[in-house]
Amino acid sequence: MEFCPTCGTMLQYELPHMGRPSRFFCPTCPYVCYIENKVKIKKKMHLDKKDLEPVITDDDMKNASQTDATCPKCGHGRAAYVQFQTRSADEPATIFYTCMNETCRSTWRED
């Protein structure tokens, strides 16, 4: 990726056309950089995946509201729940449950 030295926007690539060499150009400002030599990739970089932090922690669920809900894994009848708006505003919220059975602690969701 190359960025415009004038405004910082990511440059776009344009193929050669009617005798003009290929080029990078800025879609925001008039900056143009013609490519006259072949481009070689010197080094490939591999990105490491980050460890994701849970959005809902165990402490959050211990302090969450509880309701009568049957756990699909163990059949326990009590669960803690939290609601999040995971889709567009005109859709209902998604409810995330955690089984209150200490030996199970299974999680499930209801859209």
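Backbone N, Cα and C atoms are what each Cβ position is placed from, and that goes for glycine too.
A quick note: this is a predicted structure, and the numbers were derived from the prediction, not measured.
What TrEMBL annotates here:
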BINDING   CYS4, CYS7, CYS26, CYS29  Zn(2+) 1 binding site
ZN_FING   4-29  zinc finger
DOMAIN    67-109  domain 'TFIIS-type'
BINDING   CYS71, CYS74, CYS99, CYS104  Zn(2+) 2 binding site
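A sphere of 10 angstroms centred on the C-beta of CYS7 (Zn(2+) 1 binding site) encloses 11 other C-beta atoms.
When Cβ-Cβ distances below 8 Å are used as the criterion, the zinc finger (4-29) is approached by residues 35-36 of the same chain, each at least six residues removed from its ends. Between the CA atoms of CYS104 (Zn(2+) 2 binding site) and CYS26 (Zn(2+) 1 binding site) there is a gap of 56 Å. CYS7 (Zn(2+) 1 binding site) sits 58 Å from CYS74 (Zn(2+) 2 binding site), taking the C-alpha atoms as the reference points. Cα of CYS26 (Zn(2+) 1 binding site) to Cα of CYS99 (Zn(2+) 2 binding site): a span of 53 Å. Note on proximity: of the binding-site residues CYS71, CYS74, CYS99, the one nearest CYS4 (Zn(2+) 1 binding site) is CYS99, by Cα distance. A Cα-Cα distance of 56 Å separates CYS99 (Zn(2+) 2 binding site) from CYS29 (Zn(2+) 1 binding site). There are 20 other Cβ atoms within 10 Å of the Cβ belonging to CYS4 (Zn(2+) 1 binding site). Within the group of binding-site residues (CYS26, CYS71, CYS99, CYS104), the Cβ with the highest number of other Cβ atoms inside 10 Å belongs to CYS99.
A separation of roughly 58 Å, to the nearest angstrom, links the Cα atoms of CYS29 (Zn(2+) 1 binding site) and CYS71 (Zn(2+) 2 binding site). DSSP labels the residues of the zinc finger (4-29) in these numbers: 0 helix, 9 strand, 17 coil. Taking the mean position of the Cβ atoms of CYS71, CYS74, CYS99, CYS104 as the Zn(2+) 2 site, the remaining residues of that chain whose Cβ falls within 8 Å of it are PRO72, LYS73, GLY75, HIS76, ALA79, MET100, ASN101, THR103, ARG105, SER106.
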